C-alpha cells in the first residue's frame, strides 16, 4: 500500500507539472516556448481548462458602445430622426438594482459589438503574427480574415436578434406590430486623461455604422 | 524514512474546512446565477434567443433543441445545485453539479467573466476533494463511517492535490493578469482605472467619480496597487503571517471591484477561493481566537455595564424550572444559556427537590409544563407564557416573541406546547443524567 501511495503522489506531481506548464503556455503572454507548443497547449485547453486572464489588460475597454434601433412598416420612408437608444435601458436597469439579471445581460452590448467588428479574437500569437505579416496570400492572415468575417456575421445576427427581443419586450404595441427594424452601432471614445479638465471637450465618435433594414425576428423576450 | 514523510505530508487531512466553505459559496453563486437568469434563460441560452448554439458535444443542452428539454435540464440543474450546496451525496452531487453547470457555462458566450472561468476549473478539481466533511448533511454520517486506513490515505492524497491544483490556478490568474497589466500602456501610466470608470456598461455611478476632480489621483494609486497586490499574492501566501495580510488585501481589492464595476459574482468567486489557503488548524485557531475575543468583549461589557445592570436589569431576572430528566430540555437549556447575553435567566432543575422547597410549586404541574418565576414580583407563569418570558430576555429569540403572543391570542399556544411537552423523552436509553439511569425510554405520564 505504501508503494501505491508513493506512486499516486508521483503521478499527481508529474500531472501537476505538465498541466500547469501547458496552462502557462496557453494563458501567459506569448513567448518562444509557448509559440513552439501552441498547438498542444491550445488543444489541451480547448474544453474544461479553457482560460483567459487578460482581465481588462493589457488595454482595458475605453469606449462606450450604444445600440440604437428604428422600426417601421415602410422602409422607403425617411425615419432618420427616430432612433431609440436600447443601451440606456440596460444601463439604467443595471444601476438601479443590485440583484438583477441586467448585471449579466448588460455585457451583451460590448460583447456583440466586439463580434460585429471582429475584434474578439484573443490569440496573442496569431494577433502578433498578423501584425507583422499582412500579405494577402499568407495562410494565417487568410485564416484570421475568415475568422473575422464569420465573427461579424455572428455579431450582426446577434445584434438583430437582441434588438428584436427588446422591441417585443419593451416597446409599445404600435411598434411591436411593425415589420422591420434596423440598427445603428455608435461608439463614443472616453475623455482622454489630458482633456479631463476641459469642460468643452466633445467625445469623438470612434465607430458609427447603420445596418440595413431587416424583418423583426421571432425571438424570446427579455424581462 | 523520507518516503514515509512524503506520504504523511500528502495524506494528512488539511483543507477539509476550506473545501467545505468553498462548496457552500460556489453552490450559492451557482444557484444565484440559475435563479437570477431564470427569466432570461431562453433569450440567453437557447436557439430561440439572441444567438445560435452549435453542437459543442460537451453540453447536456446540445442533445435537443426543444425548449421543453432545455427547461427540464435547467430545472434539474437547479435541484442538483441545491443538493451540492447542502452537501447531500457529496461526490455524486459534485460530479452532477459540474456536468450541469458546465453545460450551461459553455453557453455563457458574452455574459461570462473571469470568475465563472475560475469557478468552472475549481469545480472540476473539487470533484476529487472532500467537500462535505463540514457544514453538510453528510458530515455526521461521514464521521461515523471509518474508511480503511489505506483507502483513506489515497483519498486524502487526492483531496490535497486537488486543493494544490486550485491554489496553483489562482496564483496563475494573479501572476498572468498582473503581467498583462504591466504590458499595457494605460496600466503602466496609471490611467487604466480612469478610462474604465468612464465605460458606463462596466462602472457603477460611484466608480464614475474616479474620472473627476482630485479622485483622479486616487485612481492612479489604485491602478498601481492592483498590479502590486496581484504580484505580492503569489509570494506572500506561503508564509503564515504574510498570508493573512495579503488575503485581506485581495479581499478588499475584490470588494472594491465588486462595488465599483458591479462584478458581484466575479468578486465573490475570487474571494471564496481564498478559503482554500487556510488549513484546518488555522481555521480552528481563528475560531478559538474569535471565541476568546468574544469572551473578552463580554467580560469588558459586563464590567463597564455593572452599575447599569444592578440598577435596571435586576427587575428582569427570571427563574426557569426545567425538567432535568428530559434530554430535549437539557439541550435547550444549554443552548439558551449561551444566548443569554445579560445573564437574566437562572435555570433550576425541578427534579432536585431541594430546588423547589421554598416555592409554592406543584411537582405534577411542573412535570406537565415549564414554569417560570419573575424575581421582581414573584409572578409564576407556565407553558407558552414561560416561553414568551424567556424569548423576551434573549435577544436572538426576539423574533419569536410576537409569534408566541399571537399563538396565545389565537388560543393554540398552550395546545402546541402541551403536544410537544407530553411527547418529550425522559432520560434516553443507556444515558444517565445526575446518576439517574433508565432502561427504556420513558414518556411523560408513563
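Using N, Cα and C of the backbone, Cβ positions are placed for all residues, glycine too.
Keep in mind the model is a prediction, meaning the values are calculated, not measured.
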- Pick from B:99-117, B:118-136, B:137-155: which stretch is listed in TrEMBL under transmembrane segment? B:118-136
- Message: transmembrane segment per TrEMBL: which of the ranges B:372-394, B:395-417 is that?
- Response: B:395-417
- Task: Among B:328-355, B:356-383, indicate the range for which TrEMBL gives the feature coiled coil.
- Result: B:356-383
- Item | Annotated transmembrane segment segment (source TrEMBL; candidates B:157-177, B:178-198) | B:157-177
- Task: Quick one: sort out which of B:68-88, B:299-319 is the transmembrane segment according to TrEMBL.
- Result: B:68-88
- Chain residues outside the transmembrane segment (B:118-136) and at least six past its termini with a C-beta under 8 angstroms from it: 13, 15-17, 19-24, 26, 29-30, 86-88, 90-91, 94-95, 97-98, 101-102, 105, 142, 155, 158-159, 161-163, 165-166, 169-170, 173, 269-270, 273
- For the transmembrane segment (B:157-177), sequence-distant contacts whose Cβ falls under 8 Å of one of its Cβ atoms, 6 or more beyond its ends: 10-16, 18-19, 114, 118, 121-122, 125-130, 230-231, 233-234, 237, 273-274, 276-277
- Query: Sequence-remote contacts (6 or more beyond its ends) of the transmembrane segment (B:395-417), Cβ cut-off under 8 Å?
  - Reply: 339, 341, 369, 383-385, 387-388
- Task: Over the domain 'HTTM-like' (B:11-282), work out the mean pLDDT and round it to an integer.
- Result: 93
